[in-house]
């Protein structure tokens, strides 16, 4: 048992670092845009296309290629994907042509897509079901930790050496970690270890072809509901990241420093929410907790619209709570819950379902820019807050529907077991 705990801790650290490393070749793009615009004369529209060139293939690759880890295994998937992402961005600062930038960013985004599903697959294999929500809550903090570290490193490299040098050392780090993933990111069977309460993966492999099409994944119970709910939450989350600072500075006259602090508190709330929701979900129904968090977020944003003028302290509390409610859901909706749906009954498509839910959700990040921009320019910020409340309300309804489906399935399964017991008797 002591050996198992050591191996679990080792794998947890590996997954945390490896997924966090994806932000080293993702987050710096925002930091170097000013330098690219000043030196190369790119327009705001062109810089916006760079975002789309990364986020769109990232989302599509996650949806379509999430199943790669189910067939190749997490170790091969993470090694290849991180390696491609690192190689694609290694020479980024050497070019001046906008088309080349688009191609490199596109390859980078597509390569990162399957990494999260592969990490989900690995974590799910190493930890028992009663621990899974807590573990995913902790693993999800790698997104926030990686984002903070990447932003800090990018800012330092940019200020010291200029925008062209930013991606070079970070890409080297990612390529080194890709090689380490090959050595370290192994499944329990490779260590000849059995996880108590887990069905051995070898027994599941034969059934992986039962659900092998993209359409079949959408037909799995609760997948559609969770994917659309994740989409709604991602629109809201990226609205906070990319548009809320504009609202704070233009409408509430906040300084750049105070605006940055408030948005950072949203991330802090996300970290705490991921951990606490994950821990609570191991004791209580994870979907019910997800519903409560979404409803709380809906009410919070509705209240905020009418109380935003109450001052910095109040807004800090509200944004921290909002971050806990909105960001904390990712670990459950796109992590433990999605993987359990895919692995249920020996399905062996946990990575595919996690990729589908997260990938479709990430499409919300792709469309939120033009959507929020159009609504704020055309109808004002009141319409944006109505949109946010509407999206979170829709998310709440879909999660409620998923709870109904889950409970109906449980009743049917219990009745089947009773009937089988009577027949055997």
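Cβ atoms are placed via backbone N, Cα and C, with glycine included.
Owing to the predicted nature of the structure, the values given are computational and were not obtained by experimental measurement.
Residues or ranges marked as transmembrane segment by TrEMBL: 7-25 (among others).
Summarising the annotation, TrEMBL assigns domain 'Major facilitator superfamily (MFS) profile' to 8-408.
If you look up TrEMBL, you'll see 101-123 (among others) marked as transmembrane segment. Outside the transmembrane segment (101-123) by six or more residues, the chain places 11-12, 15, 18-19, 22, 25-26, 29, 49-50, 53-62, 65-70, 73-75, 77-78, 81-82, 84-85, 88-89, 91-92, 95, 132, 135-136, 139, 185, 187, 334-335, 338-339, 350-352, 354-355, 358-359 with a CB less than 8 A from a CB of the stretch.
Look at TrEMBL and you will find 135-159 (among others) tagged as transmembrane segment.
Feature annotation from TrEMBL assigns transmembrane segment to 165-185 (among others). Within the chain carrying the transmembrane segment (165-185), a Cβ under 8 angstroms from the stretch's Cβ atoms is held by residues 10-11, 14-15, 17-18, 21-22, 24-25, 28, 31-32, 74-76, 78-83, 85-87, 89-90, 92-93, 122, 150, 153-154, 157-158, all 6 or more beyond its ends.
What TrEMBL records for 223-244 (among others) is transmembrane segment.
According to TrEMBL, the transmembrane segment annotation covers 256-277 (among others).
Note on the transmembrane segment (284-304): residues 133, 229, 233, 236, 273, 277, 315, 318, 321-322, 324-326, 328-329, 332-333, 336-337, 385, 388-389, 392-393, 395-396, 399-400, 402-403, 406 of its chain, located 6 or more positions outside it, place their CB under 8 angstroms from a CB of the stretch. Positions annotated as transmembrane segment by TrEMBL: 284-304 (among others).
Positions annotated as transmembrane segment by TrEMBL: 316-339 (among others). Here the transmembrane segment (316-339) has Cβ contacts under 8 Å with residues 116, 120-121, 123-124, 132-133, 135-137, 139-140, 143-144, 222-223, 226, 229-230, 233, 236-237, 240, 261-263, 265-274, 276-278, 281, 286-287, 289-290, 293-294, 296-297, 300-301, 303-304, 307, 350-351, 353-354, 356-358, 361, 392 of the same chain, all six or more residues outside its ends.
What TrEMBL records for 351-372 (among others) is transmembrane segment.
Residues or ranges marked as transmembrane segment by TrEMBL: 384-405 (among others). Beyond its flanks by at least six residues, the transmembrane segment (384-405) meets 221-222, 225-226, 228-229, 232-233, 235-236, 239, 243, 247, 285, 287-288, 290-291, 294-295, 297-298, 301-302, 304-305, 326, 371-372, 375-376 of its own chain at Cβ-Cβ distances under 8 Å.
Highest Cβ pair count under 8 Å relative to the transmembrane segment (223-244), across stretches 7-25, 135-159, 256-277, 351-372: 351-372.
Sequence-remote contacts of a segment are chain residues at least 6 beyond its ends whose Cβ falls under 8 Å from one of its Cβ atoms, and for the transmembrane segment (7-25) they are 78, 82, 85-86, 88-89, 108, 112, 115-116, 119, 122-123, 126-127, 135, 138-139, 141-143, 145-147, 149-150, 153, 167, 170-171, 173-174, 177, 180-181, 184-186, 188, 191, 193.
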